[in-house]
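Undergrad: I have a structure I would like to understand better, so I am pasting it below and will then ask my questions one at a time.
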Amino acid sequence: MAAEDFLTIFLDDDESWNETLNMSGYDYSGNFSLEVSVCEMTTVVPYTWNVGILSLIFLINVLGNGLVTYIFCKHRSRAGAIDILLLGICLNSLCLSISLLAEVLMFLFPNIISTGLCRLEIFFYYLYVYLDIFSVVCVSLVRYLLVAYSTRSWPKKQSLGWVLTSAALLIALVLSGDACRHRSRVVDPVSKQAMCYENAGNMTADWRLHVRTVSVTAGFLLPLALLILFYALTWCVVRRTKLQARRKVRGVIVAVVLLFFVFCFPYHVLNLLDTLLRRRWIRDSCYTRGLINVGLAVTSLLQALYSAVVPLIYSCLGSLFRQRMYGLFQSLRQSFMSGATT
């Protein structure tokens, strides 16, 4: 790889090869040219720490989401619409595991870098980005339907969950396939190392800007607007009705929104600012670039951690997962206690 740790190298734009190595959302911004002046170089996370953090997130992701997926498959006949959507979120987080695994392998073994591996890594990353947020939107929609039509049975059926999950998956597949079209293996003209880069010929800069713009609009602004709409509608319905589970519904709304804003919102805001900077809609400077790119490096790790931890938290919102996970932990506890006494 051209960057072996979270390095942010800023060079002049006029006669340089503008580059941002977006590996699973971890932005390594650098502009390569034979005659350039370096503005600033900031080390955010050392190489060994970087690999260790990604590996830890990978393990937590696989174990946690694998456990939830196992519980669903074992008791899928009892699943409702929310449970189907939560399963989609867990499986989607496993997609990020594939991207993280490919990224770590390319860090450790640069010789294996190929166009196919580059496209695989970025495809599963964008699939995670789009499918995750649209799945959360679908969860908010089902929550609204369950509250607004609490006397009806159709919002609880599996068929609604499968329809919404399929729709979110279709949108994510189209957007992810578009994002990885020009991803390929190239050689850094300075370090002579292989790396993954969007290679669209003379249109490379425009293409990269297009990908980032679509990511900001379709992966953040539109879903955020839908989240606000559905949870606002749910809140209004809860306030004007006398639901027995009124306090519980409010708690779910606060929990889901709070988790999204803590783990994902900072990265998306910085990604939006970075896109505006590249479009020259805000004033460009080395200081501004430094702040944005350091922030992107840190918040992208937070977003990756979200994929590993939040599905387990979301599992508590679905009755199937909550009851079965509680039963599983009780069985493990009893087995441990009986083994300790013998």
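Note that Cβ sites are derived from N, Cα and C of the backbone, with glycine treated the same way.
Since we're looking at a predicted model, the values are computed, not measured.
Pasting the feature list from Swiss-Prot:
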TOPO_DOM  1-51  topological domain 'Extracellular'
CARBOHYD  Asn18  N-linked glycosylation site
CARBOHYD  Asn22  N-linked glycosylation site
CARBOHYD  Asn31  N-linked glycosylation site
TRANSMEM  52-72  transmembrane segment
TOPO_DOM  73-92  topological domain 'Cytoplasmic'
TRANSMEM  93-113  transmembrane segment
TOPO_DOM  114-121  topological domain 'Extracellular'
TRANSMEM  122-142  transmembrane segment
TOPO_DOM  143-159  topological domain 'Cytoplasmic'
TRANSMEM  160-180  transmembrane segment
TOPO_DOM  181-217  topological domain 'Extracellular'
TRANSMEM  218-238  transmembrane segment
TOPO_DOM  239-251  topological domain 'Cytoplasmic'
TRANSMEM  252-272  transmembrane segment
TOPO_DOM  273-293  topological domain 'Extracellular'
TRANSMEM  294-314  transmembrane segment
TOPO_DOM  315-342  topological domain 'Cytoplasmic'
Undergrad: What does DSSP give as the helix, strand and coil breakdown of the topological domain 'Cytoplasmic' (73-92)?
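TA: Across the topological domain 'Cytoplasmic' (73-92), DSSP assigns the residues as follows: 17 helix, 0 strand, 3 coil.
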Undergrad: Name the range, of those listed as 52-72, 93-113, 160-180, 252-272, 294-314, that has the largest tally of Cβ pairs under 8 Å with the transmembrane segment (122-142).
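TA: Per the Cβ count, the answer is 160-180.
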Undergrad: What does the DSSP secondary structure composition of the topological domain 'Extracellular' (273-293) look like, as residue counts for helix, strand and coil?
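TA: Final tally across the stretch: 14 helix, 0 strand, 7 coil.
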